[in-house]
Amino acid sequence: MSDTSKGIPQEQLPSQELHPPPMPVINLGHLSLDDPTVRSRVVNDIAKACRDLGYFQVISHGISQSVMDGAIEAASEFFKLPNEIKKEYASDDIRQPVRYDTSSKDGISMSRAFLKHYAHPLCDWLQYWPQQPPIYREYMAKYAVEVRVVALKLMEAILEGLGIGKEYMQEKFEEGLQLLSVNCYPKVSQSDTSIGLAAHSDYGLLTILLTSCQGLEVVDRSSNSWKVVQQLPHALHVHVGDHMEVLSNGRIKTVVHRAVLNPQEARISLASIHGFALHEKVSSAKELVDEENPQKYKENSFNDFLEHLTANMDNRQRNFLESLRM
């Protein structure tokens, strides 16, 4: 083991070999077909992936390659800006509508620069987004709008798969928040054991991830080991979030994942995080609670998550989901 680990715990070190996890690939276009048998099969495939793994990839999702490439380009150009421009958005206040920062926290050596900003309703938040590079607002907005459509389609299918109906709390989903986490992970040497982002699960209901190259790892539940996610052309990666586990009363489990650094090239990732509005409480669906399956989680909101995070900034064990278990 290289002594360049800089105090990284053994379980956090990047995987040394490629072990692709079982990765369901869902053709999302089939949800829109008139054939109810095909739709039912896709809904069942999504339900199984959420239940067994907590992640899957989608193709034929309706976002053009040019829109995806434009978002990656806008992100890449932002991170190439001089530091004095990027630092205009620097803040330790996690409630800022736009926030730029770099990661080296929790006593673990991490290498990441990120820009986070809200994206829905777009008319409320676009004015706060970076004006440099000139393409940023236009290209990123196109992607934000289209990926949100994908998220709503997925939410309908997941709720249908849970047996509570695709219209369940539809208005709350449509009026909910969207947060874009735009990340840049540097290229590193093979001997560098720094990671990009430590192991974590995502808050919110769903995260849809677009990446420029390989670097995502997930915990495979069957072996309790890290697995490298292979990069599929034109695919989006979907993560189940903490709030989905709460809403499903534990029928669906959030996925633990991390970002590792790529020795071939710098990596851009765009995580679009979707959930209820800031103060809207998420609780286990009453249809999924009974004597055999009592309520397992306390109701909570995205604002509750922010308060928990703020209160536990220096605590390496600040697992929000664990704090919700009853």
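The backbone N, Cα and C atoms fix where each Cβ goes, glycine too.
Record check, Swiss-Prot: Fe cation site residues include His200, Asp202, and the candidate from His237, His257, His279 also listed there is His257. Of all the binding-site residues given, namely His200, His257, the one with the smallest number of surrounding CB atoms inside 10 A is His200.
Secondary structure counts, DSSP: the domain 'Fe2OG dioxygenase' (175-276) has 6 helix, 48 strand, 48 coil.
Cβ contacts within 10 Å of Asp202 (Fe cation binding site), excluding its own Cβ and spanning all protein chains shown: 24.
Apart from His200, Asp202, His257, the Fe cation site neighbourhood in this chain, defined by C-beta within 8 angstroms of the site C-beta centre, holds Ala199, Ser201, Thr207, His239, Thr254, Val255, Val256, Arg258.
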